[in-house]
Amino acid sequence: MKTQMTRDNLATARTLSEALPYLQRFNDAVVVVKFGGNAMGDDAEMASFARDMVLLRQVGVNPVVVHGGGPMINDMLAKLGIESTFLNGKRVTDAATVDVVEMVLSGRVNKRIVQAINAQGGKAVGLSGKDANLITCVPADPELGFVGDPSQVDPSVINTLFEDDIIPVIAPLGQGAEGETYNINGDTAAGAIASALQADRLLLLTNVSGVKNAAGDVVTELTAADVDAMVADGTIAGGMIPKTETALQAVRTGVRACIIVDGRVPNAVLLELFTEHGAGSMIRA
């Protein structure tokens with residue numbers, strides 16, 4: 001017979017108690033999460049992410065998952081003998097390539113995330129930006145082919161899913177004025193959807209610890225002006241630039257805050273939303 005609580009049990013109870021103000025703050029909040037990278041190929045990390053999404057829904061948060069799929073796309077193109085060409089770090093997407101992109105994103109990656117969430121007791125539905133006219137695109141750059149930038153987002157289908165406690169899982173595809181399919185950068189798609197929903201939070205999960213200052217330390221809170229200055233002086237560079245561009249666009253168009261989150265940290269989404277110190281770099285307007 002057990003006669004006393006273990007330290008672990010006490011720590012768990014204390015953590016739950018400390019989370020209460022954050023649970024209250026985010027009740028009925030909309031949180032858009034960009035999920036991608038190596039975690040999508042790891043069963044344990046996928047299951048952990050799925051549990052976090054189900055928990056969010058159970059405590060009254062409305063999560064929206066937008067995913068990438070670059071590594072899987074590269075693998076499939078290689079199997080089919082289609083050579084990938086990149087221009088300034090962006091994939092040139094011709095007609096043959098966009099068909100493969102759609103097949104992988106909508107048919108493989110999207111459904112894997114949906115299944116993972118459902119397996120954890122949640123209810124998820126997979127969509128792409130082509131469904132219900134969710135994302136309308138214009139060409140990002142004629143030289144990139146079928147790579148699009150969102151020109152209009154109609155979030156009504158997402159709001160309908162919220163009413164039935166369903167977690168939307170969205171592949172970053174859109175359609176043009178003539179019905180053509182466009183591949184969209186996952187961060188860009190997530191930002192556009194967050195803006196259309198006027199989301200409380202946009203979380204960009206990545207494989208770095210956050211935005212770093214000149215000394216190499218993670219900056220936990222920044223304003224849009226801070227980000228502009230750090231880009232101008234070269235402190236923010238390389239792959240962090242497009243992520244901060246997405247963040248700035250989002251917070252300047254109605255999203256309350258965007259957080260660049262270290263997705264390698266277990267339960268990073270929960271840590272960011274429900275603890276005092278979070279798990280990344282928060283950017284506000």
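Note that Cβ sites are derived from N, Cα and C of the backbone, with glycine treated the same way.
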Further binder of substrate named by Swiss-Prot next to Gly69, Gly70, Asn183, taken from the candidates Arg14, Arg25, Arg91:
Arg91
Three-state secondary structure, Asn183 (substrate binding site) (per DSSP):
strand
Per 10 Å Cβ neighbour count, which of the binding-site residues Gly69, Gly70 ranks highest?
Gly69
Beyond the listed site residues Gly69, Gly70, Arg91, Asn183, identify every same-chain residue whose Cβ lies within 8 Å of the center of their Cβ atoms for the substrate site.
Gly68, Ile73, Asn74, Thr93, Val101, Leu105, Gly186
Around the Cβ of Lys34 (site 'Transition state stabilizer'), how many other Cβ atoms lie within 10 Å? Please give the count over every shown protein chain.
32
Residues satisfying Cβ distance under 8 Å from Asn183 (substrate binding site), sequence separation of at least 6:
Arg91, Thr93, Val98, Val101, Glu102, Leu105, Phe146, Val147, Gly148, Pro172, Leu173
